[in-house]
């Protein structure tokens, strides 16, 4: 094949240009994201039960739904939480590879079976099933600079004009409105109700009867008599639109003809649908829409679509209202991709300089350099066929591939130049002879290097997705690299290279002459060193065994983790005031946080928004959340300006706040996989010990964790039990007073909860009508005496006649995991420790908890455990596949052994470099380690292959063959190794977005390449001699053993 293109170089150029054009076109169309869909697909079920307690929601809604969620294909785990505001969320997580649309349909079908058993009020509110992602990817806020609109006005703007079109954008999965649409609020006065012998149920019934939309039909509608000349629509009663209309609703007509209207027992007001959540952008009231990405959604395209829509909608917003994005995850995506693109260009330049140093010819150096854009662009053309897009993982893989793909071109160029120098051939003749010699070796080395990464592509879970991005990209690059080396590079050699004027590199003068003389002296010393090692084989084999054992020990000392921490330019602060604290107290703490961010960190903070009434631990008046976006990484390059340092300073400052818990935390490296970095677990009541026992175990866990030096920021992701007022209905007294239990329950729900009645029309949009007691009538337990229920005789009976109250402890939020009562706990490893160390510490703590209390990890921690279980298999499988490929390549079982023995030498450097930089053994480290294994084997192949040829075909003594092979291959080994090392060096010293993952990959690779090169060139000849002698000795003994057995018989 190569000869065809050697004779037709323009044909080769045409193919290369077509490949690059195809790649460029594909590149323009490929979606861009920070990561592929690594997070497992999930579906959430959201339900509201107004006025119900957390326990009521759990007993009547959560467990009913959970019982039906069985038999789901690809089911992984399920979590549920119910809150004291009547809200409930169940999140069903599926295995990687499950189609999220099919998963959603399955959950909806199961939910249909549970719906008839749910309370009527829940069914009237509706059940929402959506594809779910844990973290927000964008928060869009409205701020009124004129000061005319408050939070609820802005919230209604979002709910009425923006929420629906935004939620329909492809990629938007779920949303959280930090604000509220308008609703018609009917505030009831219990004293006036009693004076007219009315109850809240009477008012609600009157509203249902009179606030209706009547379909009245037509005049002259078909069928009709012949001769009818008129057809017209009949308009009947329509739904009401204003508070004054609701005030005039007739509730009761007395026997004397007098009338009681809504305005006589209360008042109608255009208020908020919910008063639970309010937000501020810096010091301005705001309402916000926080968006979650749908499973499989493209982040950049979705955010771009949202912002384009908002640009269109700005013209329809009131004067003075601005659109702001206080929390946006796309800058880190763009910055990460931009950073990797810069790294690729830097890698190409560094590789070019290294090649130029060794090849010492601009023409010769240009040939491998030209191979880089051809291979990379052609790779972009093929990636979509494997389901891959442009993301930081595929880009990282291309950085690794640059050093690998130039290797093949270097081998071709170096061999052509050698033939021109040594045999005086023309470029055409040298290229033809060179390709005849090395075509098989190119394919063989490419096969071995590809074999290193192929096993990674078959692993499952989130780690498997990461492995696949690297494996497929690198294997595609390697395959294309071999094709380019066989097709394009020979054509370039013929057209670009010139026959040398002298006979040797060493005749050069200046810098290159000095370098060659130094290199020659080093080569002679190296040759003597190899000879000395081969004479003292026993000592150096013992040293190798010690190195291998030390490497194994050091490997166990690397802290384990799933992913490295990343500076995403984002931070969150969670605020918790004491149980039963009011929203006003929480707002005071949030104001302290706002002052700190504006004054102490103002130079680094771009946006911040506070939310009162909500955080990731749950809703409630004692909950608060702060979303913070920092300035660009280029403006935060100084010491202490990364998000981790900022979070540490913030926590030190907030620790001074005595009447609240304020915790700053950083999002995880992959935003879709959680809200905070660290570990995520559930304590489970496996034996049904009860809520109090579970809370006691949680408190014991938190106390032990606070004393453990490996753990920090360990906190419950829920709410502490709080005093709650329990109303006890005496059924006997109620029956004696002829009061129905249903009337009691309806009155309680309407008075202290919020009874949804029906809908009204507000400026062309349908909104809700609620009935509730005035705030002054539901402040303290004594206010129960203000409310009455009408008995069957028409008499008004006070609550005190049949009900008593008492204060009890109860939970404002209840959690379940896997259908078992559970409590969620979050935390982080202390500085100097990894999440793997933290999990070991947690296992020790669990041994001290009562029997029946179990532990389950979720989210990122679940993935980390799965990855840890896979890692040993990955390492073993990789080495085995490499060994088998080598055996097939050399048709020998002995030669591969001498190659595989070099692997620990590469791993040693990777381990030492990782420990030196205090990094972790995460997924990226494992990818780098596999790369090191492949490159170590490649270096060994270059020596072993040459030694085998000298020994078996040219009759060299084995020791001399090994020494000669090591000497002759030293220059190309150093050139290719240095080219690869300098190619990944920009990743090892990267800063800014994505620096953590780049460090994790490149540090191990750089360290591994240093030891794999420095030690391997000495040890590989030793391995080859020892292994060949050992196998030859075994083969000689086998015939003798057969003869002895035959003689005895």
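Every residue gets a Cβ built from N, Cα and C, even glycine.
If you look up Swiss-Prot, you'll see 10-30, 339-359, 366-386, 392-412, 440-460, 470-490, 542-562, 871-891, 895-915, 927-947, 973-993, 1008-1028 marked as transmembrane segment, on the strength of sequence analysis.
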How about the transmembrane segment (10-30) and the transmembrane segment (392-412): do they have 3 or more C-beta pairs under 8 A, pairs 6 or more apart in sequence?
no
Let me check one thing: do the transmembrane segment (871-891) and the transmembrane segment (440-460) come into contact, meaning three or more Cβ pairs under 8 Å with sequence separation of at least 6?
yes
Taking pairs 6 or more apart in sequence, does the count of Cβ pairs under 8 Å between the transmembrane segment (470-490) and the transmembrane segment (542-562) hit 3 or more?
no
Do any residues, 6 or more residues outside the transmembrane segment (927-947), come within under 8 Å Cβ-to-Cβ of it, and if so which ones?
400, 404, 407, 441, 444-445, 448-449, 451-453, 456, 466-467, 470, 474, 874-875, 878-879, 882, 886, 890, 895, 898-903, 905-907, 909-910, 958, 961-962, 964-966, 968-969, 972-973, 976-977, 980, 1000-1005, 1008-1009, 1012-1013, 1016-1017, 1020-1021, 1023-1024
Where else in the chain does the transmembrane segment (973-993) make close Cβ contacts, counting only residues six or more beyond its ends and a cut-off under 8 Å?
331-332, 335-336, 339, 342-343, 346-348, 350-351, 353-355, 357-359, 396, 399-400, 402-404, 406-407, 410, 414, 566-569, 633-634, 637, 935, 938-939, 942-943, 999, 1001-1003, 1005-1006, 1009-1010, 1012-1013, 1016-1017
Contact between the transmembrane segment (339-359) and the transmembrane segment (392-412) is defined here as three or more C-beta pairs under 8 Å separated by at least 6 residues; is that satisfied?
yes
Per the 3+ Cβ pairs under 8 Å rule, pairs at least 6 apart in sequence, do the transmembrane segment (366-386) and the transmembrane segment (339-359) touch?
yes
By Cβ distance under 8 Å, which residues at least 6 away from the ends of the transmembrane segment (440-460) in the same chain are close to it?
95-97, 404, 407-408, 411-412, 467-468, 470-472, 474-475, 478-479, 481-482, 485-486, 870, 874, 877-878, 881-882, 884-886, 889, 927, 930-931, 933-935, 937-938, 941, 945
